[in-house]
Structure formats: C-alpha cells, structure tokens
Amino acid sequence: MLLFSLLSLLGIAANGFIVLVLGREWLRYGRLLPLDMILISLGASRFCLQLVGTVHNFYYSAQKVEYSGGLGRQFFHLHWHFLNSATFWFCSWLSVLFCVKIANITHPTFLWLKWRFPGWVPWLLLGSVLISFIITLLFFWVNYPAYQEFLIRKFSVNMTYKWNTRIETYYFPSLKLVIWSIPFSVFLVSIMLLINSLRRHTQRMQHNGHSLQDPSTQAHTRALKSLMSFLILYALSFLSLIIDAAKFISMQNDFYWPWQIAVYLCISVHPFILIFSNLKLRSVFSQLLL
C-alpha cells in the first residue's frame with residue numbers, strides 16, 4: 001500500500017508537471033505543436049486517471065463491505081473506463097506521430113499520411129474523447145439494471161448480484177479486450193514500422209560507408225529507445241488491465257496492492273520518460289530542480 005501511494009504521488013506530480021508546463025505555453029503563445037497537443041492530453045488524462053484510481057483504491061479498502069457492490073463503485077467504473085480508454089488512444093497517437101515524423105518510408109500512402117497527420121491531431125484527440133464517451137455509455141447501458149436497482153430499489157438483492165456477476169464474468173472482460181486491443185494494435189504497427197525503418201537506414205549507411213552516428217540514425221535510435229521502453233510499460237499495463245477485468249484478484253487477496261502497482265505502473269513511470277526525452281520539458285524540469 002505504501003509503495004502504491006508513493007507511485008501514485010510520483011505519477012500525479014509528473015503528469016501534473018507536463019500539463020502545467022505545456023498549459024503555460026499554450027496560454028502564452030495561443031497554440032501548441034501537434035506533439036505538445038498529444039502530450040498535454042495524455043498528461044491530463046493520466047493525471048485524472050491516477051487520481052481517480054488512488055481515491056477509489058483507498059476508499060474501497062476502507063469500506064469493503066459497504067462499497068464493494070454499491071452505487072459509488074459502479075459510478076467510479078464509468079469515470080475509470082472513460083479515462084482509461086482516452087489514455088490508450090492518446091498513447092497510440094503519440095506512437096503514430098513519432099513514426100510519421102522519423103521513419104524513412106517512401107511508400108506513397110505513408111508519405112501522404114506523413115504530410116496529413118500533424119493537421120489531423122486536434123481532430124484525432126477530439127475523436128478519441130468522443131469514442132471514449134461512447135464506450136462509457138455502452139458500459140452504462142449494459143449495467144443499467146444495477147444502477148436502476150440502486151436508485152429505485154426495484155430489483156431484489158439476489159437478482160442484482162446475479163446480474164452483476166454474469167456481466168462482470170462473461171461480458172465485460174471480452175468487451176474490454178476488444179476495446180483496448182484496437183489502440184494497442186495501432187501502437188504495435190507504429191513500433192514495427194519504426195523498427196523496420198531503422199534497420200533499413202542502418203543497412204544503407206553501412207553499405208555506403210557512412211558513420212552510424214549521423215543525425216538521422218541518432219534520431220531513429222532515440223525515438224526507438226523511447227518507444228521500446230514505452231512498449232514494455234504499455235504491454236505490462238495492457239496485460240494487467242485484461243487480467244484485472246477478469247476479477248482474478250479481489251480486495252481481500254494478499255496480491256491486491258502489488259497488482260494495483262502493476263496496473264498503474266505505466267501511467268506513473270512513463271511521464272518521467274517523456275519529460276527526460278523532450279527538450280522543452282527537460283529544460284523546465286532542470287530549472288525547477290536548480
């Protein structure tokens with residue numbers, strides 16, 4: 001529990017730092033670059049997700065009996081699904097932007113996407129929010145009988161319990177797997193394209209007798225290192241969320257808090273990778289430390 005608390009505080013601080021720095025620049029200049037738009041959206045969604053998750057976990061641990069099947073937990077899940085879905089999509093657009101800016105691919109479709117994608121970023125971010133909202137409504141609609149019972153006491157406790165158990169065991173895990181797999185697949189495709197571009201670029205440099213320390217190769221390498229570390233955290237978070245959706249580990253389990261650390265590890269650690277790999281954020285962070 002203490003480790004989870006420390007991880008949550010670090011995540012909230014790092015994501016809040018990204019939002020404050022880029023938000024100040026937005027207010028100063030009235031616009032943001034496409035990369036900064038994605039970073040501030042990702043930082044804001046992760047900040048809220050970490051805050052909601054932390055409050056939920058500690059409130060749930062203090063009110064096990066009253067809260068485990070109550071209306072409060074049901075409404076928490078609505079906020080959590082919305083923020084988690086938005087975060088997954090923002091992460092995918094970040095990887096796509098890295099790919100189109102750095103990868104050397106001469107296919108006409110990729111060149112067209114490379115030219116068009118930066119202008120699409122604001123609309124893609126708004127679309128991600130809209131998709132996340134629709135997904136949240138879908139979860140609300142599926143679980144509506146439970147909300148109805150809590151609000152007007154229409155159903156019996158046994159009927160509500162059976163309904164919640166059935167949808168949480170059979171429906172929600174498969175639905176979450178489908179929903180989260182789509183942005184995760186986009187992320188993986190971007191990673192594979194960038195790896196292939198780096199491999200071909202390295203072979204070309206070796207064939208022409210050029211140094212592997214040229215700026216283009218270094219840009220490929222830096223982006224690849226950043227995305228590979230992101231991939232490890234992203235994959236761990238993805239698997240943790242899928243297993244968590246299956247309800248294998250309950251609040252009474254001794255592994256609950258370590259499991260929550262695994263679930264929230266990506267949104268707490270990856271912001272520091274973004275800060276140290278971004279010149280603007282790293283400069284402000286260094287000034288803050290000094």
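Here the Cβ of each residue, glycine as well, is placed from N, Cα and C on the backbone.
TrEMBL: automatically predicted annotations, no manual curation.
Not measured: the values here are computed from a predicted model.
Residues or ranges marked as transmembrane segment in TrEMBL: 6-23 (among others).
Annotation comment: TrEMBL describes 80-100 (among others) as transmembrane segment.
For 120-142 (among others), the entry in TrEMBL reads transmembrane segment.
What TrEMBL lists as transmembrane segment is 177-195 (among others).
Look at TrEMBL and you will find 227-249 (among others) tagged as transmembrane segment.
The transmembrane segment annotation in TrEMBL covers 261-279 (among others).
Just going by CB pairs under 8 A, the stretch in 80-100, 120-142, 177-195, 261-279 that sits most against the transmembrane segment (6-23) is 261-279. Sequence-distant contacts of the transmembrane segment (80-100) (same chain, at least 6 residues past either end, Cβ-Cβ under 8 Å): 34-35, 38-39, 41-42, 45-46, 48-49, 52-53, 56, 110, 113-114, 117-118, 121, 124-125, 128-129, 131-133, 135-136, 139, 179-180, 183-184, 186-187, 190-191, 193-194, 223, 226-227, 230, 234, 241, 267.
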